[in-house]
Amino acid sequence: MILTSESVTEGHPDKLCDQISDAILDGVICKDKNARAGIETIAGNGVVHVFGEVSNPDSVDIPGIIRKTILDIGYTSEDAGIDGNTCSIQESITSQSKEIADAVNFSLEYRNQQGDLGRNSFSQQGSGDQGSVFGYACRETPEMMPLPITIAHKLAYSLAFVRKEKILPYLLPDGKSQVTLGYDSANRPKTLETVVISAQHEDSVDLDKLRFDILERVVRPVISATGLDCSKATFLINPAGRFVTGGPSADSGLTGRKIVVDTYGCAAKHGGGALSGKDPSKLDRFASYMARWVAKHVVAADFAESIEVQISYAIGKAHPVAFNIDTHGTNTIALDKLKRAILKVFDFRPAAVIDSLDLKRPIYQKTAAYGHFGRDIFTWERICPDKLNALLGAV
């Protein structure tokens, strides 16, 4: 089996927009932890346009947040792709639809007086939308992430690191990585097949020097730590040639266009919904994190070598309408028994998930580059001993 996954640097136009959307979201949550927000950003040709819905749009300095985010990434001149100091900023922010707000605030169960419906009951809040999400975990890395996306993220992060630390001072913010691995008959990663790096750079640098520097300073340090067989690997660094014009001046950026980069690469399914710019009442956010949290606990309990968790919701309903798991034949107990144990131990109602993972905090800008999963700074990446013991006991 061959598996390929890609990542992008924080300066990629789409990732720039993800970070702007989530930086604004963090600012909104700082003012009101119960705020609702769905923030989209588009960037191109020296213009940044934010639009969407926010329950308290006047509470934050949106232009100030946008400029700071752009400058922190490293876009300080139009020559690099956009200048955070001088770019044009446009806002089209409205409040959330009352119909949607009512559906979230008063669930179908609440309106029909079903179940435990006390004033602070987790059943009172409904899902912010319909849809399905997928969570995944496996034994390929200590982080329980697929190895191809893990390597791709490390390469993209390393590109930004050597730029910001002036190790390769001629690099500019835009960049991408892609990794192809070969798997053995037991579906374990075995060989490094191909690495692709595209790095934006200043006009003055020689292309051969750039290729050598990136191979030695970025690629080899990351790859050498993997233990993969690299004897037949192909390394393609800036295979298109020079990459001087980059960032939003070369390609317009848009929030939510790197959803596979954000999750598990090509190793798992995706429900199609983006995460960035959305407050934790949105199922693309709370349910995606919950599905990952559950998947990690199943693997940590040694009930499967890998698992894909699917959760589906209806707008305005607190309880999921569907739940499924796929262990790709690696389960150590019967699937129906494992599924019952998960549903017994974990509470999938939106308010319960938000409470369990402490999601009403300004944590989201950090998720918007180098993946939402695989970093233990996030609550959904941490194994809860009580949940793990409960899961072990439930089977």
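Glycine too: its Cβ is placed from the backbone N, Cα and C atoms.
Owing to the predicted nature of the structure, the values given are computational and were not obtained by experimental measurement.
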Candidate ranges 96-106, 217-227, 360-370 [criterion: Swiss-Prot lists as region 'Flexible loop']:
96-106
Listed by Swiss-Prot with Asp174, Gly175, Lys176, Arg242, Phe243, Asp251, Arg257, Lys258, Ala274, Lys278 as binding ATP, from among His12, His49, is His12
A 10 Å Cβ contact count, applied to the binding-site residues His12, Arg242, Lys258, Lys278, Lys282: which residue has the minimum?
Arg242
Among Glu53, Gln96, Asp251, Lys282, the annotated L-methionine contacts, find the widest CA pair distance and round it to a whole Å.
30
Gly175 (ATP binding site) -> DSSP, reduced to three states, gives strand
Integer Å value for the Cα distance linking Asp251 (ATP binding site) with Lys282 (L-methionine binding site) is 29
